[in-house]
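Right, one structure below, let's go through it.
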Amino acid sequence: MVTHTTIQKYKQNYFALCLTGLFGCKWHRYKQSRRYSKKADIAWFAVLLLSFLFITFWFYYWLITENDSNSFDWFLYSKTKVWIPWYLIIIILTSLSFGYLAFLMLLAMCHIVIGHQIYMHHCHRALVVTIVVVGVIVAIALGVMGKADFTRMMEVLTLDLSFQITGPWLHIGAVVLMTGMSWIVAEQWMYWNKTGLKIFWLLVYIVVMVGLYIVPVFIQSPCIGDSSTLPDKPMVMAHRGAAAISPENTLRAFRRSADFGVLGFESDVRVSRDGVPFLMHDKTLRRTTNVAEVFPDRKDELAENFTISELEQLNAGAWFMKQNPFHTVSSLSESTKELYTNQTIPTLLQLCTLARLLNKTVMFDLRVESEDHPYYNTSVNVTVDAIMKSKIQPSMVWWLSNTTNNTQYPADFTTVYPIKGKSPSVEHLQKEGIHRVNSQYVLTQEEISTYASHNISSNVYVVDSPWLFSLFWCMGTASVTTNMCHVFAQMDRPSWYISPQSYLIIWVLTDVISAILVITFFIIQRIQKGGQEFTPETLHLQNPRARRLDSQGRVMKEKLLYTDEIELGIDPDSRPEDIPEPDCAQNGSSRHSGSGEYFSSEAENERNEVASSEVRPVMSTFTT
């Protein structure tokens, strides 16, 4: 009769099993290894690290450029003629990629901590490479578009501005992260036996940490200042109305923006074929009207080629409910949705009349695309006539124009100088009688302050993110143009504003605590591992974490040993040399037998190979 008895009982480390399984698809203990990682594994870990750094920056970039998400979608629409929420798609894919690579990095770092080889499965390798390649292709494509399109250049400028408001907190986060990593760095540094190599990498680490500690010296943020010097909150110009929560350039959108206390309305004016100024941003009517249904053969014609009677036949609100450009439709009531669905294209006369009744300013840019337009040379005249018919105060009209001495409209209109490139000098603006400038984030805090000191107000467009609004608030700009007037109306203070003394205290405390912890970690590792010799075979045995055992055990392996007789009750921790030699001549066998219990050579090797397993030898008998 054959009796099966377990000779080895292991306490399974489920944490390590999950790590190796998820990272390298090694779900069995015998596949795990605590020897040094192979060069190929180290190379792939380096690829993973660089990929993670790339995707982290890429993720940050898309979070910051959320301010221009609508402009980005509109730009791609102008190229493809199909409205797709490209920004939403990209930010979702980037978020998933960032989360995936962050998870892989966490698994890899845990491998290093517990002493396992950092073997990454081929599927993970393929996905990492795919993510990086796709990211690089998209980055190159954006770079090409950025050279040809001003909007993309503004997104790069937005990224630069973001560090003025996120820089101080990114520095603190980086210090905390590197301080936590110093425990692993100190541990790995102690494992190296070559003195020259240890000194080199120690110096590199010191340089990195010291450089990180002094980063705030180079951080210039307008949000660091005395509370008494915080500028007044910028006034808000409604960009095509409350465009984030209502159809742009409709009377309902402008009425809705007035509910949030805006300074005025901003729009774009074109002149119809029969000489009536109307509101429309795009060159064509395709995006914001149902022109493809009413005039299918003219859907790509210039908007100014339509007469006012033809324009009045179009629906200017249904597109908003369908495309949901700012993802706000779900927050609207059913009655509001129905109201928005039945909007028409307003004229400039209607807008100015509404502004007069609500005591709001009107800022607009007159656009006439075609030189063949019958009112190309008289567009200013018909525009002035429409404004005067509304009986609005001329000073409440802000006219965006590059020509400051144009005598075709009344001198008491407020002329706004549009900055598209290098900022003009104060002398030039004063010479032309300009008291307002309109800029797309190219103004610096110094320029804003200089203009303000000479009674020249600055308006910045388009500001849709709270962080960017906070930044220009701290800079002291007089007003901003935004789609998010409903959001900014609820802001009483910038996202953050701190005194120089308080920030200095936070900076110094963060660096000092970090330095103390880093030194402490190195001292602890030196005490624990000082004087030890590390080899690939013994590294895991000398790691205290490698010897930790889980509280519960399970059977890992069974073997059959054939003996003639066995005596029970033998100490399970008996060594092989303590077991009595059997009388081979008596039973004519070279097999071990007698009142002993022993380890097989394979079990002994298993015990030396896996530090996290507890070996309990038990005899397996074969009885005749």
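Backbone N, Cα and C atoms are what each Cβ position is placed from, and that goes for glycine too.
Please treat TrEMBL annotations as automatic predictions, because they have not gone through curation.
Annotated features, as they stand in TrEMBL:
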type	residues	note
DOMAIN	234-492	domain 'GP-PDE'
REGION	570-624	region 'Disordered'
TRANSMEM	42-64	transmembrane segment
TRANSMEM	84-114	transmembrane segment
TRANSMEM	126-148	transmembrane segment
TRANSMEM	168-186	transmembrane segment
TRANSMEM	198-219	transmembrane segment
TRANSMEM	503-524	transmembrane segment
Recorded stretches the transmembrane segment (42-64) and the transmembrane segment (168-186) touching, at least 3 CB pairs under 8 Å: no
Same-chain residue ranges lying at least 6 outside the transmembrane segment (198-219) that approach it to Cβ under 8 Å: 163-164, 167-168, 171, 174-175, 178, 182, 185, 189, 192, 503, 507, 511, 514-515, 518
The transmembrane segment (126-148) vs the transmembrane segment (168-186): 3 or more CB pairs under 8 Å: no
Folded-back contacts onto the transmembrane segment (168-186), same chain, C-beta under 8 angstroms, at least six residues removed: 109, 112-113, 205, 208-209, 212-213, 215-216, 219, 221, 224, 503, 506-507, 510-511, 513-514, 517-518, 521-522, 524-526
Averaged pLDDT score, the domain 'GP-PDE' (234-492): 93
Long-range environment of the transmembrane segment (84-114) - Cβ separation under 8 angstroms, sequence gap at least 6: 15-16, 19-20, 22-23, 45, 48-49, 51-52, 55-56, 58-59, 62-63, 66, 69-70, 72-73, 76-77, 120, 124, 127-128, 131, 135, 138, 184, 187-188, 325, 327, 543, 545-546
